[in-house]
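To keep things clear, I will list the structure first and then write my remarks on it.
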Amino acid sequence: MILIKINELLSEEAEGKDLVVGKDGKKDGKAVAITVDKAGGPSDKDGKKQKKEFKAEPPDEAFQDTEGEERESWDSKLTFLLATIGYAVGLGNVWRFPYLAQKNGGGAFLIPYFIMLAIEGMPMFFLELAIGQRLRKGAVGVWSQVSPYLAGVGIASAVVSFNVALYYNTIISWCMLYFVRSFQDPLPWSECPPARGGNGTNQECEISSATQYFWYRETLDISTDINTPRNFNLQIGAALIVAWFLVYLCLAKGLASSPKLVYVTALFPYCVLILFFIRGVTLEGMSDGIIHLFSPKWEKLQDPVVWLEAGTQIFFSLGLGFGGLIAFASYNPVNNNCARDAIIVSLTNCTTSLFAGIVIFAVIGFKAHLTHKECLQHQDNKTLLMLFNTTELEHSPPVGSLITYWINNTKHTMSMPDIRICNLQEELDNTASGPGLAFIIFTEAINQFTFAPFWAILFFSMLFTLGIDSQFGTLEGVVTSITDMKIFPNMRKEVLTGILCSMCAVLSMMFAHGAGNYVFVLFDQFSGNVPLLIIAFCEVFGVAYIYGLSRFAEDIQLMTGKRPHIYWMFCWKYLSPIAMIIILTASFIKIFTEGSSYPKWDSVHGVAVDEEWPNWALILAMFLVLIAVFWIPLIAITRALGIVIMHKEEPAWFPANELRDFHGIVRHEPTAAERVLFGFREDGTEGVFFPTKPGGGRDDDDDDDDEHLR
């Protein structure tokens, strides 16, 4: 947001522009001012009409953010868009979406994916950007202003962001370790090391693979299960400290003040993906991988789990509920077009997922093709021809099952022998999500590339920038919430960020021992999923049923000059809450019926096997969920009992009257559709099931806020 100082105002008058000052304003550096071109926009020397420009400055120092300091602002629109894209586009786009797509019906998965994007993803993304830009606070400040009873929603967002940032930096530390080791030639995970002591081969590596051994043993030094941690892992501990220090350096001055950093971290992953795409389409077997990814299995659409995973992927890949989007939007100009931003970033996020899926499966197709060719050289074709009259089987019969075959018109029966059978489709199915895809499957494929170290350096630097970019937004939500709560009112942002990163660095040492990867999985499964769904539901419910949908639509019209389409309002009122309730309910049913487990590394057989969580781990998981969401009912109940935990703060400056005059907005008369669908009434109330009062459903002592904001 560009704030006009008094010397800038005077210079604009000297340049021949009209200065429109609010009715209570004066040209003294504290005036609310709008600058427009003379005569409503005269023609320039080329005969083109000049565009009107809205500029305004807070009329009173009381509207400044903290102790007289002005709120941060983006230096340009591009910086904001890149920062938001970098926040939304993360590791899940690269290592989660491709796996879900091929697992849940290939091309058919795109149908529920884009439906969930339309009814859940984009509407919620739009809502968070709009409410942050309108109320100009972090998550805590925004939801306490929507209603004092919803103040706990902002605290819950900050707690979830803290928990997720805590373990998310562990991924960044892993990427740093692999990045450093990628400068070796040959790559250290390209072949099995000798046995300890130097005699013979390493048995654990031989029965698994070189990439699996390097990941589980050399990097993680993983223990047998979560109950038996091994010694402290010094290299991961050191990498975590470095990772948190880097995050601090980037966040100390604020992302809005670091445009060059935003450009690099947001654009670099796309450059690397394009390079891998160019390399991937030249690889032998790449078409097999891409066809495998997008081949539709229409019967999968009947499986409710497919819809559940599509909705979950959309929700978490966009970073909804963390408070980061609200914080980013609060730094925008008051007249920024947040509707257009929501569509651009949401579609960019999904397009990135599709593009990353093509790149990943082009490389996986190459790897599967090489493995299949090597397998064919050792396959017992003679036995296969005798039993099945072909050497290409779509499905291999279980070893020991009875097989009937004919020789010279004579029927024979024998048990299926334990022979090597090569199947390209099984090789293509041999993929994974999360760290398994990045650090095992994809690294194994990179081993086959010419100049493999170069491609490894690119790949892990891409993962690093994807991770740290999302980390910025996640931690920014925590810092902004603490700032808005004024817990440390006189503390500079860089000091607060330093204390927060130092505390996180100490706590993250829980991921730096033999069982640390299992603790990481526990955090990944429970610290974000359920709490974020509950938070997002409270957000959309708070806006649609407490703040008031009509009032929210008017706010958006003030900021953008246009009321939101009725489709957006229908999603906020009905579709998005219903979708989140269904996903949340289905998630609980899935957990209670199927249970929850973690992949335990079996060093004897060289595979990861599912293991049930021990009781203490389930208690910790429940704690991670409750420590976030219990703030929502706690604040609401105490407020209802007259106990004020969070005191009311002054609303941020918002020039509603000036924006209304600038856009030429007149009073909106509810349409017939709005009356039927949303219950909009002439007196300003609304609601189909129950009415919302004109003030947005807040306490009487808050009813003067609207005038105060103007």
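FYI, residue positions are counted from 1 along the chain as it appears here.
Yeah, the Cβs are placed from backbone N, Cα and C, and that goes for glycine too.
Unlike curated records, TrEMBL annotations are generated automatically.
TrEMBL annotations:
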REGION    37-70  region 'Disordered'
COMPBIAS  43-58  compositional bias 'Basic and acidic residues'
COMPBIAS  59-70  compositional bias 'Acidic residues'
TRANSMEM  78-97  transmembrane segment
TRANSMEM  109-129  transmembrane segment
TRANSMEM  149-180  transmembrane segment
TRANSMEM  232-249  transmembrane segment
TRANSMEM  261-278  transmembrane segment
TRANSMEM  310-331  transmembrane segment
TRANSMEM  343-364  transmembrane segment
TRANSMEM  445-466  transmembrane segment
TRANSMEM  495-520  transmembrane segment
TRANSMEM  532-553  transmembrane segment
TRANSMEM  574-593  transmembrane segment
TRANSMEM  613-637  transmembrane segment
REGION    689-710  region 'Disordered'
COMPBIAS  699-710  compositional bias 'Acidic residues'
Leading contact stretch, 261-278, 495-520, 532-553, 574-593 vs the transmembrane segment (232-249) - CB distance under 8 Å: 495-520
Long-range environment of the transmembrane segment (495-520) - Cβ separation under 8 angstroms, sequence gap at least 6: 162, 165-167, 169-170, 220-223, 225-233, 236-237, 240-241, 244-245, 247-248, 251-252, 475, 478-479, 482-483, 488, 598, 600
Result, the transmembrane segment (261-278) in contact with the transmembrane segment (78-97) (3+ CB pairs under 8 Å): yes
Two-stretch contact, the transmembrane segment (109-129) and the transmembrane segment (574-593), at least three Cβ pairs under 8 Å: yes
Paired segments the transmembrane segment (574-593) and the transmembrane segment (261-278) in contact, 3+ CB pairs under 8 A: no
Intrachain neighbours beyond the transmembrane segment (261-278), with Cβ under 8 angstroms and 6 or more residues off its ends: 79, 82-83, 85-86, 89, 250, 255, 352, 355-356, 358-359, 362-363, 455, 458-459, 461-462, 465-466, 468-469, 472
